[in-house]
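Copied over from TrEMBL:
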BINDING   11, 12, 13, 14, 15, 16  NAD(+) binding site
DOMAIN    6-181  domain '3-hydroxyacyl-CoA dehydrogenase NAD binding'
DOMAIN    185-274  domain '3-hydroxyacyl-CoA dehydrogenase C-terminal'
């Protein structure tokens with residue numbers, strides 16, 4: 001893999017801007033393209049909004065907002081970048097066309113990652129002359145803070161591409177998780193989707209409000225999940241005998257008709273309940289204000305976990321050590 005100094009970004013929305021902020025904070029140059037009206041101003045504003053949070057975590061040598069530039073075309077980005085991350089809307093026809101265009105303009109040793117949250121790389125790499133260098137690099141919002149990135153290869157993705165991408169994403173402070181099977185939704189979103197479906201059912205049936213459901217996570221399992229995940233949490237529920245005892249004791253409860261994993265119909269009534277509930281929770285706080293609060297809380301959690309070298313805190317510590325060594 002070539003030495004990566006300039007990252008090319010296709011798409012300047014929330015995800016693309018998050019990539020830009022993360023790459024800039026890690027001392028790289030970024031060249032971006034988005035065809036939308038006012039896209040450059042929007043992208044720059046989002047990056048500037050993320051910068052205070054990144055500054056709190058610590059910037060790499062050479063990190064500077066002035067290293068962000070905007071291109072006039074996809075081809076210009078592809079021809080000037082050492083690594084390309086596509087973050088276009090979730091439409092297979094669009095991504096297939098874009099990847100063929102990027103592939104045609106980029107040098108053969110430049111990797112092409114897609115931020116898609118569910119489309120399969122085998123599908124959108126189909127028209128590429130060099131499909132072996134195309135993969136999914138699926139991040140989580142806010143991209144500039146959350147370290148997880150899921151790596152998914154298509155049928156024609158080379159194993160070397162996965163390893164080279166893993167190296168790059170690690171270099172910019174991320175935790176690359178290789179999804180070894182090309183499945184819809186990958187890993188994290190499938191887990192989130194199960195919880196989201198239950199959330200919608202409970203609201204739809206009038207069992208609880210959106211605030212009560214958020215409280216059920218925030219004050220309970222959410223605190224454990226931040227450093228133990230789901231499986232270690234349940235292993236501890238089995239006491240000294242661990243998961244085996246837990247499954248034997250609580251396994252029969254899986255047969256109870258609690259869950260309704262098929263999503264409810266998104267009727268106007270359900271949409272209204274969700275909107276009204278979350279508006280009540282925000283209580284006049286703007287989305288921008290909530291984003292700043294979210295960022296401050298995420299930073300505090302990661303810094304606390306850093307003390308114990310656990311979860312996202314371990315990734316943060318490793319990235320700090322890399323920065324200090326440069």
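Every residue, even glycine, has its Cβ placed from backbone N, Cα and C.
Ranking the binding-site residues 14, 15 by the number of CB atoms within 10 A of their own CB puts 15 at the top. Residues near residue 12 (NAD(+) binding site) in space but far in sequence (CB under 8 A, at least 6 apart, same chain), listed by position: 20, 32, 33, 34, 36, 39, 40, 42, 43, 46, 87. Most other Cβ atoms within 10 A: among the binding-site residues 11, 16, that distinction falls to 16. With DSSP states grouped into helix (H, G, I), strand (E, B) and coil, the domain '3-hydroxyacyl-CoA dehydrogenase C-terminal' (185-274) comes out at 65 helix, 0 strand, 25 coil. Sequence-distant neighbours of residue 13 (NAD(+) binding site) (same chain, six or more apart, CB under 8 Å from its CB) are 34, 87, listed in sequence order. Same-chain residues with CB within 8 A of the center of the 11, 12, 13, 14, 15, 16 CB atoms, the NAD(+) site residues themselves not counted, are 9, 17, 18, 19, 34, 43, 87, 115. Residue 12 (NAD(+) binding site) falls within neither a helix nor a strand when secondary structure is assigned with DSSP, and so counts as coil.
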